[in-house]
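Swiss-Prot lists these features:
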type	residues	note
DOMAIN	25-72	domain 'G-patch'
COMPBIAS	143-155	compositional bias 'Basic and acidic residues'
REGION	143-254	region 'Disordered'
COMPBIAS	163-190	compositional bias 'Basic residues'
COMPBIAS	191-200	compositional bias 'Basic and acidic residues'
COMPBIAS	201-220	compositional bias 'Basic residues'
COMPBIAS	221-230	compositional bias 'Basic and acidic residues'
COMPBIAS	239-251	compositional bias 'Polar residues'
Amino acid sequence: MGLAGTKTKQRFGLDPRNTAWSNDTSRFGHLQLEKFGWKPGMGLGMSPTSSHKTHIKVSIKDDNLGLGAKIKRTERKDEFDNGECAGLDVFQRILGRLNGKQEEISKELDIQRKQKIIDGKWGIHFVRGDVLASTWDPETKKLKSYSNDKKRSRDDDDEKLSSKNKSKKQKKDKKDKKDKKDKKDKKDKKDKKDKTEKKEKKEKKEKKEKKEKKDKKDKKDKKDKIDKKDKKDKKSLKNNIEVSTTASNIPSTVSTRLSVRSRWIKQKRAATMDSKALNEIFMVTNT
């Protein structure tokens, strides 16, 4: 294409080969294996020298196929290969005809053919999962049992101890709950008592303050009344003194044409100021 062609850029990350995690020697698994005697380059298992030394690869399953289905498909020669020997059913029919069991064999082969068709469309084949070689006995075809009497007795003792510890723990928990409940009840009672005492003290204090306020108010009212009465008496006495002084300050002779009128006013004022003259005017006798 040359320089005029479309340019495509390709970016590489910091770890394009994804080897940073495998080269990291500070991981927990790496350190733990080294504690058990493993060294880099060794394999795992009973014979580390001949075991698998590369990293375990995990592939994501994105289909509904069973285990080993993809491997089986890769082993097929073509798309028509179903993994069985071609012409085997025909050979079995010939053998059946020679042995005089043609009907039985043909019937069985028809049943097998129909069963394959049904299983191929709607059937499910279950594959038995393998177990560890150390736990499987091929002769008896059973799992090996390594339990013995000592282990059983030890397990029984452990169960007894665990049950005892459990019962002790339950008793302790019950006791702790009871103690906590008692403490809480005591605290609630004490708080209630303190509240009632505080309330009573507050009420007594309020009553006392009200009484003191009332007493102060009464004293103040009495004092105000006495002060008012004293002021009133002083004022009336002062007015009497002023009137008497004004009456005494009136000139004896008035050299005007209204001298007769002024004399009459003077006599009238003097008569009103004199209690004895007033008694004579109103004809009141002192007994």
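Glycine is no exception: its Cβ is also placed from the backbone N, Cα and C atoms.
The shown structure was predicted, so the numbers you read here are calculated from the model rather than taken from an experiment.
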As a quick check of your reading of DSSP, tell me how many residues in the compositional bias 'Basic and acidic residues' (191-200) are helical, how many are strand and how many are coil.
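Summed by class, the stretch gives 10 helix, 0 strand, 0 coil.
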Who are the long-range neighbours of the compositional bias 'Basic residues' (201-220) in its own chain, taking Cβ under 8 Å and residues 6 or more past its ends?
none
On the 0 to 100 pLDDT scale, where does the domain 'G-patch' (25-72) sit on average?
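So the average pLDDT across the domain 'G-patch' (25-72) works out to 82.
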By DSSP, what is the split of the compositional bias 'Basic residues' (201-220) into helix, strand and coil residues?
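Going through the compositional bias 'Basic residues' (201-220) residue by residue, I get 20 helix, 0 strand, 0 coil.
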